[in-house]
Amino acid sequence: MNDIISKINPFSSIPKHQIAQQIVNFGLIVATALMIWKGLMIFSGSESPIVVVLSGSMIPAFFRGDLLYLNMEDGPFRVGEIVVFKIEGKEIPIVHRILQIHEKEDGLYDIRTKGDNNNVDDVGLYSPGQRWLSRDHIIGRAKGFLPSVGMVTIVMHDYPQLKFFLVFVLAVFVLSTRE
């Protein structure tokens, strides 16, 4: 009877202290990933140091699924520079190129952007009544990229069941691996 139970429930044969150790190991993996992310945030100066290009608006510079590394260094922005910005009321950041910079008398400046593959500037994407972006909208400058690496993120976003399935499989794998 015990043999049948151990085949049905593979965790029944594992000592409780080993299960606890596996749970701690899983927690350490999650904590390490969070620390790496926080470290990237501090090192890059950006709230989102890595983003995935979600549309084709920046073709030929970037394609859907490219993974961008961002940096938010001090210094003036330049026309032609690729930036990532967030619009109030929209949760997904946008990757586009600076089209115009309007310097104001107080030393601050306004920025207008456009996707390389778009026919018009981004004023239509901004909040109603907004004509320019300020520095506060910019979350980073594109400093490097890895082609197509972000497609995994896009597939998981498009098929959320796959994301939960993969997390479940990884959790079972980590918890059931014996050391």
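Placed from the backbone N, Cα and C atoms, the Cβ positions cover glycine too.
Some features that Swiss-Prot has for this protein:
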- 1-22: topological domain 'Cytoplasmic' (TOPO_DOM)
- 23-43: transmembrane segment (TRANSMEM)
- 44-179: topological domain 'Lumenal' (TOPO_DOM)
- SER57: active site, charge relay system (ACT_SITE)
- HIS96: active site, charge relay system (ACT_SITE)
- ASP122: active site, charge relay system (ACT_SITE)
- 165-176: region 'C-terminal short (CTS) helix' (REGION)
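It is 8 Å from the Cα atom of SER57 (active site, charge relay system) to that of HIS96 (active site, charge relay system). Long-range Cβ proximity for ASP122 (active site, charge relay system), meaning a same-chain Cβ under 8 A and a gap of 6 or more residues, is found for ILE94, HIS96, LEU99, ARG112, THR113, LYS114, GLY115. Mean pLDDT for the topological domain 'Cytoplasmic' (1-22) in the predicted structure: 65.
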